[in-house]
C-alpha cells in the first residue's frame, strides 16, 4: 500500500519532469516573429536547465551555434521573449520554480565568450517573484532595446529557478540553482547616441561563482525581499522592460 510519503515523492518527481522551460519565439513592438526555434534563437536540444555555473553552456545554453536568421531591431524597440514548456502558451514553468529573470546583451562576434555581456534588464521580487508573474503573462517578458552602436548582437534571456538553490550544485549535483537560458540573434540598425557603449562587465562562465549573492538561497525560509539576483547591476544606459503579455498565441 502506498503511503503519504510515496505520493509526495511521486508528486515531486512529476513536478521535476514538467517544470522546465525554454523560449519559443519573440515579439517586436507587439508583432510576433514566428517560431524562432533554431531559426533566430540558438535553441538548446531540450528544455533542461544549466546548473554547472562553470560550464560554457552558461553563455547561450548547450547549443550555442549560429542560426540562419537575425532579427532587425532599432534602439527603443520593445523586444518580448515568449517562454513555453512543451507546447506554446502552456504551463510555461512550474509554479514552484520561483526566481528572477534577467536579460543580457553581447556582440555576436564574441559568440558569448569572455567578459562581453551587459545586463540590460532584471526583475526579481515585488510582492511576487518574477517567474510567478511570467506564468500570468503567458510566458512573455519585454526588454527595450538600448541605443547602442549598430551591429549584430546576442540577446540572452535568463531565468534562475531557486527551488533547489538551498544547496550548491558543486557540492550536491542533484541540487543547485537551475538556469534556463536562451539567446536570440538581433541586428541593431539604428546608430547609438554618444556615450552609449555597453559596459561589458560580465562573463559566462566566470561572473557567477558559488560565493556570488543569489546562487545559494533557501527560497522556503529566507525573506524574498532580501534576495539579490546574481550578476552586476543593470547597465545605466538600459531603457528598461517589464513582465506582461503583449499578444496571444
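Glycine is treated like the rest: Cβ placed from N, Cα and C.
Features of the protein shown, as given by Swiss-Prot:
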BINDING   20, 97, 180  Cu(2+) binding site
BINDING   163  O2 binding site
DISULFID  60-183  disulfide bond
SIGNAL    1-19  signal peptide
Need the DSSP three-state call for residue 163 (O2 binding site) to compare against my parser.
coil
Under 8 Å by Cβ from residue 20 (Cu(2+) binding site), same chain, sequence gap 6 or more:
46, 47, 48, 49, 85, 93, 180
Which recorded positions from the set 60, 97, 183 come within 10 angstroms of residue 163 (O2 binding site), judged by C-alpha positions?
97
Residues within 8 Å of the 20, 97, 180 Cβ centre (excluding the Cu(2+) site residues themselves):
19, 21, 47, 49, 93, 94, 159, 161, 178
Check the disulfide-bonded residues 60, 183 for other C-beta atoms within 10 angstroms of each C-beta and report the one with the most.
183
Between the Cα atoms of residue 183 (disulfide bond) and residue 97 (Cu(2+) binding site), find the distance and write it as a whole number of Å.
21
Rounded inter-Cα distance in Å - residue 97 (Cu(2+) binding site), residue 60 (disulfide bond):
20
Which one of these binding-site residues has the most other Cβ atoms within 10 Å of its own Cβ: 97, 163?
97
Note down the number of other Cβ atoms within 10 Å of the Cβ of residue 180 (Cu(2+) binding site), including every protein chain shown.
26
Translate the DSSP assignment of residue 183 (disulfide bond) into the three-state scheme.
strand
